[in-house]
Amino acid sequence: MCGIVGGVTQRNVLGILVEGLKRLEYRGYDSAGVALVEPTGDLTIRKALGKVSELQKELADKPTRGNLGIAHTRWATHGKPSQANAHPHYSDHIAIVHNGIIENHEPLREQLSADGYEFITETDTEVIAHLLHKVYEQEQNLFSALQKTVAQLEGAYGLAVISSREPERIVAARSGSPLVIGIGIEENFLASDQMALRQVTDRFVYLEEGDMVDLRRETYSIVNRTGETVDRPITKIAEADEVVDKGHYRHFMQKEIFEQARVIGNTLQGRIGQHKVLEQVFGTSAADIFDQVQRVQIIACGTSYHSGLVCKYWLEDWAGIPCDIEVASEYRYRKVVVSPGTLFVTISQSGETADTLAALRLAKELNYLASLTICNVPNSSLARESDLVFMTQAGPEIGVASTKAFTTQLVSLQLLTIVLGRRHQLSAEREAELVEALHSLPSLCEEVLSLDPEVLEMSEHFSEKHHSLFLGRGPQYPVAMEGALKLKEISYIHAESYPAGELKHGPLALVDSDMPIVAVAPNNDLLEKLKSNLEEVQARGGMLFVFADKDAGFKNNGSTKVINLPHVPASLEPIIYTLPLQQLSYHVAVLKGTDVDQPRNLAKSVTVE
């Protein structure tokens with residue numbers, strides 16, 4: 001994992017490959033490399049540890065060119081980050097780039113070693129390269145060799161392969177890791193993400209699970225998992241593409257935090273009327289499906305899991321619909337009991353999260369009513385494979401730590417709750433109240449985001465700390481979970497979250513003057529309970545940092561720092577109180593000097609299990 005770019009062109013492809021890698025930098029990576037077949041027929045590989053800029057320096061020192069090439073940014077899964085372990089890997093005349101994890105690489109490595117192949121890296125990808133070379137010696141055809149190679153692989157992969165013996169083609173295969181073809185004029189391209197190719201084409205073909213492609217300069221041929229030649233639809237992406245730059249902001253994450261009022265408005269636009277949610281926005285078949293829903297199963301990972309946890313409160317409180325939520329990587333590996341009338345909901349920013357996608361495919365084999373995905377990327381695997389799709393309108397999210405995707409997910413899940421709820425216990429009057437609150441949400445976001453200078457001042461108390469605790473009650477507990485995740489992701493401060501009522505059951509033992517305690521305190525029916533919990537912290541010398549409703553009665557003093565937020569409807573509290581927690585984590589990370597947009601060891605789109 002992480003990013004693949006390839007091209008077979010009538011011009012020097014190197015610049016296109018490097019630009020494609022730069023467009024994928026947001027996904028996170030630890031090394032980069034390219035492989036080209038030069039006009040002389042030689043296979044040339046260049047690699048560098050670190051940023052794509054380091055690869056560019058390597059290419060400046062050792063220039064190369066060619067009309068056929070593949071490139072990769074790597075996020076280590078097998079073998080530590082190093083120049084040797086960077087992709088592309090090769091075996092004689094064959095070069096390969098790979099996203100995914102090959103689970104049976106060890107027995108394959110042993111067999112290949114016995115056959116005389118020598119390994120110079122720790123990666124599973126080099127195993128594929130040597131295996132492909134071995135098969136090629138028998139087949140003498142790159143495409144058929146790849147077909148027979150992938151038949152021996154267990155695990156997930158997106159593969160792109162070139163050979164100096166066949167300098168007119170790229171062959172590629174997809175199983176559990178996305179690949180897309182970019183169609184040019186007398187040139188064709190391949191990538192793991194269409195964003196890598198937006199500078200050269202606006203026409204794309206998304207490979208389906210199990211597809212293989214033989215990509216040539218003027219043609220391409222796709223074969224499915226059963227060996228049949230198939231046509232996949234060409235998707236034209238509108239040229240109106242959001243500019244992916246930081247503007248006047250220091251980091252993408254900072255920009256994306258401040259975009260939230262606008263993108264929340266975009267997500268609501270055309271989807272709510274004056275007093276109700278417009279049901280048809282979930283698709284033409286949604287009404288018939290929603291009429292039958294008796295239960296909801298939500299599956300997600302990371303930040304998306306936290307948005308699902310909030311939705312569980314809404315579904316059960318407002319709609320009276322039972323809701324189960326589970327982390328995708330856990331759901332996949334247990335025996336599942338499906339109740340009649342259960343809607344299967346997946347949440348993913350990218351629409352390519354490997355565990356979530358695998359859970360959806362498992363669900364299709366079970367007795368679920370239907371599947372719905374909430375994601376931010378059109379034409380993603382989850383969007384294509386689900387019965388119903390609801391697109392958030394967050395726009396490209398470049399920072400690895402999710403911000404605007406989370407809040408637009410919450411908005412989307414609230415719309416889903418309302419549409420389902422009107423079929424159960426949600427009255428028209430209550431729906432009108434909820435929709436009226438949503439109309440006010442963008443302006444409330446702007447008001448809260450304007451508190452950034454106060455949050456910056458608060459962040460100075462965290463930069464030298466090593467641990468932190470986040471507390472919330474009710475729907476604010478998942479918000480506390482998200483706040484803790486953000487802090488640990490980008491500042492590398494160990495942060496945990498707990499329901500405030502659980503303090504006395506263990507976490508209170510950790511409280512001292514050196515551990516900041518962050519609390520989320522809206523003015524609702526749980527406020528007095530929360531205050532009692534926080535008094536337990538103060539009694540043990542803990543330092544409190546409270547984001548509180550302006551009427552909640554918290555006062556600044558020596559042991560308590562308070563930032564007052566406007567009073568908002570209870571339905572909006574999880575969204576509104578998320579914003580200053582994002583700002584807090586951002587400012588702490590900046591003070592600590594970490595790589596805010598690309599934190600260590602993390603990738604934006606997790607396409608491996």
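Even glycines carry a Cβ here, placed using N, Cα and C.
TrEMBL annotations: computationally assigned, not manually curated.
Quick look at what TrEMBL lists:
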- 2-218: domain 'Glutamine amidotransferase type-2' (DOMAIN)
- Cys2: active site, nucleophile (ACT_SITE)
- 286-426: domain 'SIS' (DOMAIN)
- 458-599: domain 'SIS' (DOMAIN)
- Lys604: active site, for Fru-6P isomerization activity (ACT_SITE)
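The domain 'Glutamine amidotransferase type-2' (2-218) scores a mean pLDDT of 91 in the predicted structure. The DSSP breakdown of the domain 'SIS' (286-426) into helical (H, G, I), extended (E, B) and coil residues amounts to 60 helix, 28 strand, 53 coil. Under DSSP, the residues of the domain 'SIS' (458-599) split into helix, strand and coil as follows: 64 helix, 32 strand, 46 coil.
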